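Visitor: Just passing along the structure, written as structure tokens.
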Amino acid sequence: MVNILKKLANGVSLNIDEAYLLSREILSGGLNDVAVAAALTAMRCRGETAEEVTGFVKSAREVAVKVPLRVEAIDTAGTGGDGAGTINLSTLAAVVAAAAGARVLKHGNRSASGFFGSADFMEAVGYNLEVGPEKAAEMVEKIGFAFVFAPRYHPAFAKVAPVRRQLPFRTVFNIVGPLANPGLVKRQLIGVSERRLLDVVGGVASVLLDRALVVYGSGVDEVSTEGPTEVVEVRGGRAERYVLEPEDFGIGKTPLPRASTREEAVGLALAGLRGEHREAEIAIAVNAAAALYVAEVVRDFRDGFELAVKTIREGAAYRKLREAVEASR
């Protein structure tokens, strides 16, 4: 471990195995806080590599409480931290995708920068955040959707929480979280809040996932309706980079819905899910389209958008949310 820490201090990046060993030591409580802070700071200052994040994700998955999925499912998650104040589109898109035929094990936490993170929203609508692994697996199988609260499934992260709170910047664990789904899903829509993370997370996805879309939407960790979204698409270990425009979904540029209070955020989210707020509905449908594409429910983004809008306007999306809330209790 001393040699690994020295490599980091000298600005040298770690390979997957070294990063795995470092993460395992951190998550087991084997490193003191000073060493943990030094390692996380060195990685952040240099910029975390795909190999390092892959090693950390492997370790996090290994020690997680597992959801014993019996069917194939997807996840929609973002790194958060974009500070854009948008409603929680990844969660809403997951609900719409589930209502439209995908199976989704949504993994999330409380807010990183906005008013409502995934867990904040699900809790606000009455979902039981303490849903256990067997229950979550059953929900995905029977109703196509379950939300799993990250701290419930990653108790080892509590060991590094005090250090993370003391550091004035985001660390590798903010990148690891969205990739550490406890159901070990093989398909994901992943939003990143920094352009540099497109290739980093894309590299991790190439190793650990069968299919993924990694998206950076002009400053937000979602597919943007306001302008271009940079994408790394991973399929069978190969990565392709391209740009999505709103026109690829059959729409023009549309403002992303933003909120200034928690109450406004949840109100906008529910209005969008019911088709009662145009900007929110479009933003949710665009991100649901990307999720449906990853799940291979649709062949392209335009078809995905049309299916998502239809699902919202027929009331199926809101009914799916209420069904999940009831099933969680």
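Placed from the backbone N, Cα and C atoms, the Cβ positions cover glycine too.
Straight from Swiss-Prot, here's the annotation block:
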type	residues	note
BINDING	G78, N109	anthranilate 1 binding site
BINDING	G78, 81-82, T86, 88-91, 106-114, S118	5-phospho-alpha-D-ribose 1-diphosphate binding site
BINDING	S90, E222	Mg(2+) 1 binding site
BINDING	R164	anthranilate 2 binding site
BINDING	D221, E222	Mg(2+) 2 binding site
Visitor: From the binding-site residues G78, R164, D221, E222, pick the residue whose C-alpha lies nearest to the C-alpha of R110 (5-phospho-alpha-D-ribose 1-diphosphate binding site).
Guide: G78
Visitor: So if I measure Cβ to Cβ from N109 (anthranilate 1 binding site) and keep only same-chain residues at least 6 apart in sequence, which ones fall under 8 Å?
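Guide: Those within reach of N109 (anthranilate 1 binding site), by Cβ under 8 Å and sequence separation of 6 or more, are G117, S118, A119, F149, A150, P151, G177.
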Visitor: Per DSSP, to which secondary structure element type does G78 (anthranilate 1 binding site) belong, with helix, strand and coil as the options?
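Guide: Note: G78 (anthranilate 1 binding site) is in a strand by DSSP.
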Visitor: State the Cα to Cα distance, in Å, between T86 (5-phospho-alpha-D-ribose 1-diphosphate binding site) and G78 (anthranilate 1 binding site), rounded to an integer.
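Guide: The Cα atom of T86 (5-phospho-alpha-D-ribose 1-diphosphate binding site) is 13 Å away from the Cα atom of G78 (anthranilate 1 binding site).
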Visitor: Taking only the Cα atoms, work out how far G78 (anthranilate 1 binding site) lies from H107 (5-phospho-alpha-D-ribose 1-diphosphate binding site), in Å, as a whole number.
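Guide: The separation of the Cα atoms works out to 10 Å.
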Visitor: Among all chains shown, work out which of the binding-site residues T86, S90 has the most CB atoms within 10 A of its CB.
Guide: S90
Visitor: In the structure shown, which of the binding-site residues D221, E222 has the fewest other Cβ atoms within 10 Å?
Guide: D221
Visitor: Using DSSP and collapsing to three states, where does H107 (5-phospho-alpha-D-ribose 1-diphosphate binding site) fall: helix, strand or coil?
Guide: strand
Visitor: Check the Cα-Cα distances from E222 (Mg(2+) 1 binding site) to the binding-site residues S90, H107, R164 and tell me which is shortest.
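Guide: That would be S90, nearest by Cα distance.
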Visitor: Give me the non-local Cβ neighbours of H107 (5-phospho-alpha-D-ribose 1-diphosphate binding site): same chain, 6+ apart in sequence, Cβ-Cβ under 8 Å, ordered along the sequence.
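Guide: The answer is D75, A77, F147, V148, A150, Y153, P178, A180, N181, P182, G183.
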Visitor: Which residues in the same chain, at least 6 apart in sequence, have a Cβ under 8 Å from the Cβ of R164 (anthranilate 2 binding site)?
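Guide: Sequence-distant Cβ neighbours: L40, T171, F173.
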Visitor: Roughly how many Å lie between the Cα atoms of D221 (Mg(2+) 2 binding site) and S90 (5-phospho-alpha-D-ribose 1-diphosphate binding site), rounded to a whole value?
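Guide: Cα-Cα distance, D221 (Mg(2+) 2 binding site) to S90 (5-phospho-alpha-D-ribose 1-diphosphate binding site): 9 Å.
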